[in-house]
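Worksheet for the structure shown next.
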Amino acid sequence: MGGHRHPSDADARRLRSYESIQYLPPNSAAYRKGARSLRPAALSPGSQRWCMAALIGLTTGCVGFGLKTALFALEGGRLAVLERLATDKTMWLAALWAGSSAFALAGVAAAITAYGAPAASSSGVPEVIAYLNGITIREAFNLRTALAKFASCACAVQRAVASGLAAGPEGPMIHLGAIIGRGLSQAESAALGLNFPRAFPALRNSRDLRDHVSLGAACGVSAAFGAPIGGLLFAAEEVASFWSTELSWRVFFACAVATTTRDVLLAVGAGGFGPIRSRALVLFHITSAARRSHVLHFAAAACCGVPGGALGALFIRAQAAQAALRARWRTNDTRPKKVLEAASVALATALVFLGASFALGCDTACGDGDCHAQQLEEAYMRYWCDDRRVARGAALLLTGGEETALALCFGVYFWAAVSAMGLSPATGNVIPLLIMGALLGRLLGASVAAVLDVDPDGSDLWGDPGVWAVLGAASVFSGVTRLTISLTVILYEITDDVALLLPVMFAVLVSRTVAIKLQAESLYHVLLETKSVPVLLESSDKHYDVGPGGLDVLPVTDAMSPDPKCAYTTTTATDAAALLAAARHHTFPVLRPSDGRCCGTITRDHLLAVLRRHAAERVEPAGVRAPGDGGLEGVQMPSTRERGARMPSRSGDDDGPADDGADDDDGGEDPLRLSQLQHLSSPATRPILDAREESRLLALVKGDGTPVELGSYVHASAIKVQADFSLARALILYRTLGLRAIVVVDVDNRAVGMLTRQDLLPFHVNDYRSRRADSEAATVCDGDDPTELEATAAELADLV
């Protein structure tokens, strides 16, 4: 998504505030020199990556086990009290307990994120997608966010709705896995003051960091669903923007480790060690007669796919409208409003669910067909029913069991799922989508069975309710997320039913086609747009309104920012400070002073680091301390006089005196070592200097005419294109290589413009083309006589 609609002024400011991340580290002379002089490590880079994959999988599996244990502990206590109170004589007490406990749990969950870590709110999946697309998301991947995510999810999500919210833990697990991948691969934590630069030195760069975030997100899916293959495919299909075959092998291994770890720990926690899963995690109670492919199943898939896709599009539009309403309501201090909103929604949902369950009454547990009596006994609750009957409505609405989907009101759950999305607590939407789909499928199956007068108890292949539930769940989930391959595999892994694989594939394709016709983008991409995150995805191409020929016939000058602010390979501290003060850009073209030709780019962080070192050399010996105590946690930038000097990493930690090419045999030592350059190139949890410290630094070096050499830190492999270069191909270069910016040069290799992420957004290109067309039309109308133009055209025709 990322910007096909025209943003408001506030949204435009948020769009410009995001910083792009370069997938590969800048290839400067200092970087190349440090890489050539690295000492061989005990483990090869490949071995380090495989060891890290195992470590991330093991840690994510343990976190998944801990989260599931916490969910069951809170859920068991709350529902045990509710079941004791839910009798004919004490229903008012049951309602009081359901409402008050839901209000309290959701309020605590919202307060944890609103006051403790705002970046931990909601599912976190859109933030992971944006990060892997090349956007810095501040505070989204640190330890504080992870702890808040875990605690908030444990309070807000009890399988489906024990806190009153129609939500699930799968989205938060994906975010937690991504945080684990980032933290472990870099072997550092600013919050704990830990940094181990020698642990995995080959992984401390922007490329490996982003690859391990993708790997962690895949492990999160595996730990949430118990679906290792589905986790791999989900990361490749939906989350990651950069993928390779070699990464696929490591993700495959890590997902297997994560799933096995979680399942073994659950088996041990249940009091045994042996079979790690005795049955599928989600059961739709398909009869043995229907557990084989049949041509009628494809007809059922079509019947579910069309309404499932339409429902998915409706769900996405409802979320977009709800997000707009919340943005208008949450003004000034939004934290109390976030807590009150989440608690109120949970209270209303809990009371409505309890009332609907009571209204649906009691029913026999088994009926006349094969109903898996032992499993039903575990899922159903008796509540106000006698010993021979169960409350079918309570089984789904209060615990999330899909077994009773046919008996419940679809509209109630749709309202609850829409209301729960976008709230402050850390919650996901996978479980609600599966339940809504199962409800829709069984309702459709019951309707078809009634029309065709077939037996809906499972003896007839056409009327089996479990088949309809599976197909409905696949259709709705695909309509909302637009997943295809990964969704099909995940459903197979969690249902353990290969017979319906082909019908599920068909339902997914039908649903996705219908949903795209009604709503162009998926839920995650719409949420990114509502947050004004400038994501550049392949699905965004359809939003460029540029006429015949598309972007390929347009030059990059139709989108670039002209007259860029430039640095020089040799400059002064005053000029460098003036450049940083005059422009808030994150990347600057670098010119040679002799001829003004462009020789590469330099990032803002590298320029600040050089100025900070310069200030440490020139100013601190005179008794004045250069800024950086707050944002850099008091660590001094190195000077050329400090042998083995140290420089802080992007997250505020210290690299230590590891030998990574700092010393140079032919010209002194390079003050910024390889590990430091890699950290400056990696996505940051916070800026190297905050705004106050940066202002102090620029004021400190103002008036200093001492030369400053930038040539060693110039990214010599920066992409430069001619002014008439195709805009479509520039967009391909930007996305494929994971660039921060593209320099536009003229025939003499002089910088005439910059092409950034914001410049490539569809709305920006469309607006520029529209303004230029209006300007050309005005020129024709105001400057030339139409009669003369017609005469000129006639003369040209005669010549031809």
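Here the Cβ of each residue, glycine as well, is placed from N, Cα and C on the backbone.
The annotation compositional bias 'Acidic residues' is assigned in TrEMBL to 654-669.
The feature compositional bias 'Polar residues' is assigned by TrEMBL to 675-684.
Sequence annotations record features per position, and here TrEMBL assigns domain 'CBS' to 560-617 (among others).
Feature annotation from TrEMBL assigns domain 'CBS' to 713-775 (among others).
Here TrEMBL flags 621-688 as region 'Disordered'.
According to TrEMBL, the transmembrane segment annotation covers 50-74 (among others). Long-range contacts of the transmembrane segment (50-74) within its own chain (CB-CB distance under 8 A, at least 6 residues past either end) are made by residues 43, 105, 150, 153-155, 157-159, 162, 169, 172-173, 176-177, 180-181, 184-185, 200, 203, 212, 215-216, 219-220, 222-224, 250-251, 253-262, 265-266, 269.
Positions annotated as transmembrane segment by TrEMBL: 94-117 (among others).
Residues 53, 56-57, 60-61, 63-65, 128, 131-132, 141, 169-170, 173-182, 185, 242-243, 247-248, 250-252, 254-259, 261-263, 277, 281, 430, 483, 485-487, 489-490, 493-494 of the same chain lie 6 or more positions beyond the ends of the transmembrane segment (213-236) yet place their CB under 8 Å from a CB of it. The feature transmembrane segment is assigned by TrEMBL to 213-236 (among others).
The transmembrane segment annotation in TrEMBL covers 295-318 (among others). Below 8 angstroms of C-beta separation, residues 414, 417-418, 433, 436-437, 440-441, 444-445, 448, 461-462, 467-468, 471-472, 474-481, 500, 502-504, 506-515, 517-519, 521-523, 526 of the same chain, each at least six residues beyond the ends of the transmembrane segment (295-318), sit close to that stretch.
The feature transmembrane segment is assigned by TrEMBL to 339-360 (among others).
Here TrEMBL flags 405-423 (among others) as transmembrane segment.
Taken from TrEMBL, the feature transmembrane segment applies to 430-452 (among others).
Marked as transmembrane segment by TrEMBL: 467-491 (among others). Cβ atoms under 8 Å from those of the transmembrane segment (467-491) belong to residues 221, 225, 227, 229-230, 233-234, 236-238, 284, 286, 290, 297, 300-301, 304-305, 307-313, 315-316, 402, 405-406, 429-430, 433-442, 444-445, 461, 497, 500-501, 503-505, 507-512, 514-516, 522-524 of the same chain, restricted to positions at least 6 beyond its ends.
Taken from TrEMBL, the feature transmembrane segment covers 498-515 (among others).
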Under 8 Å between C-beta atoms and at least six residues away from its ends: which parts of the chain pack against the transmembrane segment (498-515)?
286, 290-293, 297-298, 300-302, 304-306, 308-310, 312-313, 467, 470-471, 474-476, 478-480, 482-484, 487-488, 491-492
Residues in the domain 'CBS' (560-617) grouped by DSSP into helix, strand and remaining coil:
24 helix, 18 strand, 16 coil
